[in-house]
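Each remark here refers to the structure printed beneath this line.
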Amino acid sequence: MKTVSIFGSTGAIGQMIIDVILASSDSYQVKALVAKSNVQLLAFQAKIVNAEMVVIADVGLYKELKDLLFGTNVKISVGDVGMQMAASLNVDYVMMAIVGIAALVPMVYLISAGVKVIALANKESVVCGGTLLFNLAREKNVNVIPVDSEHNAIFQILHSNDRENIDKITITGSGGALLYMDYDQMRNITVQETIKHPVWKMGKKISVDSATMVNKSLEIIEAYHLFSVKPEKLDVIIHPEAIVHGIVSYVDGACIAFMSVPDMKISIMYTLSWPNRMSMLYKKLNLASYHQLTFMKPDINKFPGIRLGFEILRTSNIHANSIIFNTANEIAVDAFLNRKIGFLDIVNVIYSTLDMVDCLHINSLSDILECDSIARRVASDIICKLN
């Protein structure tokens, strides 16, 4: 039986991880569940998977969580101390599903503790942690395996094939909820229309990122770090059916594509069984049911957010600009979800923040967090002026 801890268990991806574990309950023992503030769901999850330990990040919710778990043997911890305790547990797999840059510090704790495998469903920690994070992972001999479908696809292709003669790595994108909408129509698009993804079941933040196509820029930067590939070897193509998740092209003209139904549970299953595979628990791909598969170049005029990743990788300060980009996007998306700005304002806020913030040296975790703090303040000020 394999042991696993889940950071961010109450989020959209975290709940899918719980579903996969429950479907293979004889194969996994859950050591720890970590959540931000959803005590009701955290307590419920702890009971159904028989977790040994739970951590709630919000220290003010300790008593409520304690009451909910009264009569069980579940250990309860809170805040940063609890996060460090969970990170220090000896487990076979850690599933990192915390949303946003909030995952970065726990990632550092986990890698520093020398965990065996981190299945990473968080692109922001890679974008902001950059080379510092991966240098530490190499030093501690920690395997970081991406859960996001696109990077998981590329990881699986490269794991089984030649890594030396790559011509291009292509990340696919469904195009999000607004792919076929006219630019002018986007000015008055509602939050509900934006987060109604046509293919994937995702949380609100990533659904907005998909609609702006900023997620593809984040994924380009993520791929740059995950696969140690030169920026000019990275590409994006729009594929609305979301059947092909990634393509690796070689110098001899051969292309290897990874295909599956669009279900995050498939990549979750892979990371929970790596380097092996488990039997399929869900719907399998039936190509005959698809009359066609569509591929198209992204419209960078309609979706300027897709340019950001490539532009940042061409700058002299990739790490700092990646942090500023990610932070500005987090602030702008939150403002949009709270109806403080319009949809088209999101990318404008990002570009304005990049123009106004300059973090010169990123040499430590504290430098990353300081740069994030500055960008957070500037992006918030820009949004206030828009109102």
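For all residues, glycine too, the Cβ spot is worked out from N, Cα and C.
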Listed co-binder of Mn(2+) (same site as D148, E150, source Swiss-Prot) among E64, E219, E232: E219
From binding-site residues K123, E150, E219, the one whose Cα lies nearest N38 (NADPH binding site): K123
Position of peak Cβ density within 10 Å, selected from the binding-site residues K123, H197: K123
Around the Cβ of N38 (NADPH binding site), the count of other Cβ atoms that are within 10 Å: 17
Three-state secondary structure, which DSSP defines for G11 (NADPH binding site): coil
Alpha-carbon distance [N215 (1-deoxy-D-xylulose 5-phosphate binding site); T10 (NADPH binding site)] in Å: 22
Shell list (Mn(2+); ref centroid = CB of D148, E150, E219; cutoff 8 A): K123, P146, S149, H151, N152, I171, N215, E222, A223, G246
Local backbone state of N215 (1-deoxy-D-xylulose 5-phosphate binding site), from DSSP in three classes: helix
